[in-house]
Amino acid sequence: MRPSRRAPDELRAVSLERGVVKYAEGSCMVKFGDTHVLVTATLEERLPPWLKGQGRGWVTAEYGMLPRATLERTRREASAGKQGGRTVEIQRLIGRSLRAAVDLEALGERQITVDCDVIQADGGTRTASITGAWVALADCIGWMKARNMIKTSVLRDNVAAVSCGIYNGTPVLDLDYAEDSEADTDANFVMTGDGRIIEVQGTAEKTPFSQDEFLALLALAKKGVARLVDLQKMAVA
């Protein structure tokens, strides 16, 4: 039995609310159960120096957690003077994931910066961030289309992410913190709307896992991502 009493293939309650920030070109409040992330997408008419003059744009991301997003206060990274390794890893993952779904040439010589701020963390902050980031990105691109800044399709596909793991010997979908902290194995899957894989991160926390167990996790992830993509489509409709 899962602590949340969910079925092995059941997502947490997921919501994606678009257009929640007044000033941002795109925004989304994403909730995976008790994990809540505020995502904004900002259009900038500038590029990294190494991209200038190449006729294509860029999508990048930043990620952070509020001090009391967790059970005990976490010191702000700004006050420590540098970002932690986990933060850098996650924001690079978010950026890579979004770029996989964007036609950067159609975007033109512009940059979209996606900011993911974790308000409350209960496991799966990176997967929630990616799923909400796609909605904020789509919101931003819609803003651009409405102003005739782009004429062709920029988004090639949806992108969503979900965690899976082996908890008490059973493959389960969308781990919360109680499960993640006790799981034998946990993995994050980032996938497109048509089921292609962008990235997989998997770790045996206690005991190594078999190929059959990995395939079971992959099957769960495909099911979970398909449901998340449906929710994304409803959010941006």
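Residue positions begin at 1 at the first shown residue.
Placed from the backbone N, Cα and C atoms, the Cβ positions cover glycine too.
ARG86 is the only one of ARG73, ARG75, ARG76, ARG86 that Swiss-Prot places in the phosphate site (with GLY124, THR125, ARG126). ARG86 (phosphate binding site) counts 12 other C-beta atoms within 10 Å of its own C-beta, drawing on all protein chains shown. Secondary structure at GLY124 (phosphate binding site), as computed by DSSP, is coil.
For THR125 (phosphate binding site), the same-chain residues that are 6 or more apart in sequence and have a Cβ closer than 8 Å to its Cβ are THR35, VAL37, MET65, ILE90, VAL118. Its Cβ placed at the centre, ARG126 (phosphate binding site) has 24 other Cβ atoms within 10 Å.
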